[in-house]
Amino acid sequence: MIDDANQKKIEQAVKMILEAVGEDPNREGLVETPARVARMYNEVFSSVNAPAFDNYKLFPVDETTEMVLIKDISFYSMCEHHLLPFFGTVDVAYIPNHQRVMGLSKIPRLINYCAKRPNVQERMTVNIAKELTRILDPKGIAVSVSARHMCMEMRGVEKTGSQTETSYYTGVFKSDHDLKQEFLQRING
Ligand SMILES: Nc1nc2c(ncn2[C@@H]2O[C@H](COP(=O)(O)OP(=O)(O)OP(=O)(O)O)[C@@H](O)[C@H]2O)c(=O)[nH]1
Ligand SMILES: [Zn+2]
């Protein structure tokens, strides 16, 4: 949550950027832009300095419960090098422990939490696994992220449609090759 004083700071900064690129921040179409951008940053950076993610519920399950896999969870984040969006999908799997699982909708919520800050894709990928470890202490986690980076598409190297893939494995997904293969087959097939 960005407080009022810092919202004002963003507004001033955006006004200065507009002036510096040669625009007139007072022309009709731009007058409200600094305040709008400040509100937008409040949304897209809402996890900066936020308290630890706690919006979840855990439910009991049988000891025999195997892989829980959620595929194609969309996310939007901001690359910390250019402050341009990168976005795509996350596939997450875990092997429950302590006979408990997490409410399903809370996993996309956790991913939103990890996404809404200046990021690099690799760190976001690891953070998703770290948060799940803290909450569930599962026997293993697999996270796979596929994303398009606007800083590589609309500027710079200009490679439209290129996908960046990152992954991170813990516990049994690291030690059990067959389990990792099953995860990869299920997300790719
Ligand atoms: N590893 C990683 N790199 C990223 C990510 N997002 C952006 N980058 C890269 O960060 C790098 C920043 O490099 P610089 O040379 O400082 O910036 P630049 O001059 O704008 O580089 P170009 O994008 O090549 O024009 C670029 O190579 C980007 O592609 C990310 O999530 N992970
Ligand atoms: Zn970038």
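Glycine residues also receive a Cβ, built from the backbone N, Cα and C atoms like all the rest.
Listed in TrEMBL:
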| type | residues | note |
| --- | --- | --- |
| BINDING | Cys79, His82, Cys151 | Zn(2+) binding site |
| DOMAIN | 10-187 | domain 'GTP cyclohydrolase I' |
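A simple way to gauge crowding: the CB of His82 (Zn(2+) binding site) has 16 other CB atoms within 10 angstroms, across all the protein chains here.
Excluding Cys79, His82, Cys151 themselves, the residues of that chain whose CB lies within 8 A of the CB mean position for the Zn(2+) site are, in sequence, Met78, Glu80, His81, Leu83, Leu84, Phe86, His149, Met150, Met152.
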